[in-house]
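Peer 1: Here it is: the structure, laid out below.
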C-alpha cells in the first residue's frame, strides 16, 4: 500500500524539486483498498473502493498531473483529453512486469493526436522499476497476458482504434472519451470490464476488448528519429512485410470470377472480317482491349492511395466517416446500397467456386453449391481466430491463383509486339464499345474502397507525427502498387490465353462463360491446362468470397456502428445467396450469365457511392489536413470521378434501352436516370462539417 505514496512522491518531486506533498486519499493504508493502475496513454487511476473515490492523473500535461495529485484543482475530463503538452515519446516495453493490473485504455480522437499513443512518463517507469513490481516472467502464470500487452505496445497499429472503432461519439457527433479499458490480466483478451461505471447507453461498438490478432509484434516505427533516415535495406524490407496485408486483400476484388469471365470474353473477341476466313489466319482482335485493363488498374491505384491515406491519417474507415458526417437515415441508405454491391460480388464469387468444384470433381452443380456453406464455416473460424491468419490464407490463395494462370500463359505463344501496341495505342474494335465500357466498369467496384480504408485504419501509426504518417503512406502506396501490378498482369494473362485461341467462325459462340470456357482450354491446350484453369478459378472464388465477407463486416460496423456475431452474420448471408443461386441453377445453369450481367450493371450504378465520398474527404482539410490532395492532382481526380460516373451511366442507359420492350419502359428508364443524376449532384454537394485531423 505504501507503493501508491511512493508513486505520488516520485511524480511530485519531478514537479517540485523533491518536496513532498499531501495525499489525496487519507485511507490509502487500509488493506481493503482496491488499487488499479492503468499505464497507457499517460493515464493512471487509483480507486478507493470504500469511498468510491477516484483520482485521475492524465500525464499529457505535467502541471495537471501534479495539481491533480496535490488536490489543488479538479481538472475536467475535456481539459485533460485536450491537453497538448506531452510527457514522453519513449516507447517502453513492460517486459518482466507482474502484480500490476495493466489495462489498455482507449482514448478519444483529440487526445490521441497529441503524440505517441504508447508513450509513458519516466516517473511512472521509475515507480514500477523501484518498487519491487518486477517479477521473473518465466515464473508467472500471466506470461501470455503480459506478452499480449507487450505486443500491443510494440504494435504498428493504433491502440486508439481497435478494429477500426476505438472511439465513441455523443448525440451531436463530437468525440468523447468513453473511459473503457480492456483488462489484460486474467481476461484472455475477450472479457469486457467497465471499471469506470460508464452508463451502458454510452457504450457502443468501440467498447470492445483488445483483440491481439489485429496486431503484429514488430513495430513499423523507428523510435530513434536521428537514425530513422539511415535504415538499412533489410530494415525497410522488414517494415514492408510488417505492413503487408491490406493491398493484397483488396487486389482480390480485381481477380474475382466476374472479372475472369469478362477477361475470357474479351480475349475471345474476333473481328467480323475474320469470321469466315480460314482458321490459319491469325486474328489479334482479342489483344485490342488490353489497354482497358491496364488503365483501369491505374485508375484503381489512384483511388486506393486515397482510401489508404484516409485510413492512416484519420484512423477511421470510409463507412465510419460517412456515418459521422451524414444523417443516420442517409447512412442506412448508403449501407443498404453498398451491401447490395457486396452481395452481388459475393454471388459472382460463389458462382466461380461451385463451377470449379463441378469441373474438378465432376460433382453436379446443385450439390457443389453446398460447398459454399462449408466455406462459410471456414471463414467464420478464420475471422474469429485472427485477422493476420486470414490475411495469410488469402495471400496463399492469391499465390495459387497467379501460379495457375501464369502456367497457362507459358503454353501459349504470346505476341508481345501486339501487347505493346494495344497498351500504347488504345483503340476499340468495331462494334465492341459496350464490351469496352463493361470491362472498365467491372475492374472497379464500390465496396473495395470501403474495405481498403477499413484495413488501413488498423495500420494507423502508433507514434503520430508527419514523418510517421508519410512513412505509412509510402508503405501503403508501395503495397497497393505491387498488388495491383500482380493483379493487372494476371488479368492480362487470362485475356492473352484466350486471345491466342484460333477459333474459326463455326467454333465461335456468341458468348463464353465460366461453364463452357473449360471446353476451349481442353480443346486447344489439353486436359492438364483445363484442370489448372479450374484450380485457379476455385482459388479466385474462395478469395473473393472471403473478401466479400470481410467487406460486409466492415461496412456494417462502419455505417451502423453495431456489431453482430460473425458466425450468424456469415451463415445468414450465405443462406440468402444459396437460395438465390439454387433457384437460378434449378431453372438453367446457363442463366447464371444473365444474373452476372445484371450484377455488373448494379455494380456500375453503385460505384459513385464510394468514389464521391472518397474524393470529398480526400480534398477536405478538416479530414486530412496538410495531407489533403490539392493542386493539379485534385482536379485530375475530379475529372476521373466525373468521367467514370458519366461513362458508366451511359453504358447502363444504352444497355437498358437496347432491350426496351415498350415505350413505357423507355419513359421509366428516362425518369429513373434523371433522379439518379440529381442524387449524384446532391451527394457531391453534401457539406463536411466535422474535424478529424489535428496537427501533431
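FYI, residue positions are counted from 1 along the chain as it appears here.
Cβ coordinates come from backbone N, Cα and C, glycine included.
Not my notes, these are from Swiss-Prot:
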REGION    1-31  region 'Disordered'
TOPO_DOM  1-236  topological domain 'Cytoplasmic'
COMPBIAS  11-24  compositional bias 'Polar residues'
TRANSMEM  237-255  transmembrane segment
TOPO_DOM  256-288  topological domain 'Vacuolar'
CARBOHYD  278  N-linked glycosylation site
TRANSMEM  289-311  transmembrane segment
TOPO_DOM  312-331  topological domain 'Cytoplasmic'
TRANSMEM  332-357  transmembrane segment
TOPO_DOM  358-362  topological domain 'Vacuolar'
TRANSMEM  363-382  transmembrane segment
TOPO_DOM  383-393  topological domain 'Cytoplasmic'
TRANSMEM  394-416  transmembrane segment
TOPO_DOM  417-435  topological domain 'Vacuolar'
TRANSMEM  436-455  transmembrane segment
TOPO_DOM  456-475  topological domain 'Cytoplasmic'
TRANSMEM  476-499  transmembrane segment
TOPO_DOM  500-529  topological domain 'Vacuolar'
CARBOHYD  502  N-linked glycosylation site
TRANSMEM  530-546  transmembrane segment
TOPO_DOM  547-566  topological domain 'Cytoplasmic'
TRANSMEM  567-585  transmembrane segment
TOPO_DOM  586-596  topological domain 'Vacuolar'
TRANSMEM  597-615  transmembrane segment
TOPO_DOM  616-634  topological domain 'Cytoplasmic'
TRANSMEM  635-657  transmembrane segment
TOPO_DOM  658-662  topological domain 'Vacuolar'
TRANSMEM  663-684  transmembrane segment
TOPO_DOM  685-696  topological domain 'Cytoplasmic'
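Any idea what these are sitting next to in the structure?
Peer 2: Tertiary proximity for the transmembrane segment (237-255) is limited to same-chain residues at least six positions away from its ends with a CB under 8 Å from its CB atoms, namely 156, 216, 218-220, 231, 297, 300, 304, 308, 345, 388, 391, 394-395, 398, 401, 443, 445, 447-448, 451-452, 455-456, 459, 471-472, 475-476, 478-484, 486-488, 490-491, 540, 543-544, 546-547, 550.
Summarising model confidence by region, the topological domain 'Vacuolar' (256-288) averages a pLDDT of 70.
Note on the transmembrane segment (289-311): residues 246-247, 250, 254, 263, 266, 269, 317-318, 321, 419, 422-423, 425-426, 428-429, 432, 435-436, 439-440, 443-444, 448-450, 452-460, 473, 476-477, 480-481, 484-485, 487-488, 491-492, 495-496, 611, 614-615, 617-618, 623-624, 627, 629, 637, 640, 644 of its chain, located 6 or more positions outside it, place their CB under 8 angstroms from a CB of the stretch.
Long-range neighbours of the transmembrane segment (332-357) within the same chain, counting only residues 6 or more positions beyond its ends whose Cβ lies under 8 Å from a Cβ of the stretch, are 253, 256-258, 260-261, 319, 322, 326, 363, 365, 368-369, 371-372, 375, 445-447, 450, 514-515, 534-535, 537-538, 540-545, 547-549, 551-552, 555-556, 559-560, 573, 576-577, 580-581, 592, 595-596, 599, 602-603, 606, 609-610.
In the topological domain 'Vacuolar' (358-362), helix, strand and coil residues by DSSP number 4 helix, 0 strand, 1 coil.
Proximity of distant same-chain residues to the transmembrane segment (394-416), defined by a Cβ-Cβ separation under 8 Å and at least 6 residues beyond the stretch ends, is recorded for 244, 248-249, 251-252, 255, 284, 287, 486, 490, 493-494, 496-497, 500, 521, 525-526, 529, 532-533, 535-536, 539-540, 542-543, 546-547.
With a threshold of 8 Å between CB atoms, the same-chain residues lying at least 6 positions outside the topological domain 'Vacuolar' (417-435) that come near it are 265-266, 269, 271-272, 284-285, 287-292, 294-295, 492, 496, 651, 654-655.
Residues 164, 245-247, 249-250, 253-254, 258-259, 262-263, 266, 289, 292-293, 295-297, 299-300, 303-304, 306-308, 310-311, 316-319, 338, 341-342, 345, 428, 480, 547-548, 550-551, 554-555, 558, 600, 603-604, 606-607, 609-611, 614, 644, 647-648, 650-651 of the same chain sit 6 or more residues outside the transmembrane segment (436-455) yet have a Cβ under 8 Å from a Cβ within it.
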Peer 1: Of the listed stretches 363-382, 476-499, 530-546, which one has the most C-beta pairs under 8 A with the transmembrane segment (567-585)?
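Peer 2: Comparing 363-382, 476-499, 530-546: 363-382 has the most Cβ pairs near the transmembrane segment (567-585).
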Peer 1: With pairs fewer than 6 apart in sequence excluded, do the transmembrane segment (597-615) and the transmembrane segment (530-546) have three or more C-beta pairs that lie under 8 Å?
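Peer 2: No, since the transmembrane segment (530-546) and the transmembrane segment (597-615) share fewer than 3 Cβ pairs closer than 8 Å, they do not count as touching.
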Peer 1: Write out how many residues of the topological domain 'Cytoplasmic' (383-393) are helix, how many strand and how many coil, based on DSSP.
Peer 2: 10 helix, 0 strand, 1 coil
Peer 1: Give the one range among 363-382, 597-615, 663-684 whose Cβ atoms make the most pairs under 8 Å with those of the transmembrane segment (635-657).
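Peer 2: Top-ranked stretch among 363-382, 597-615, 663-684: 597-615.
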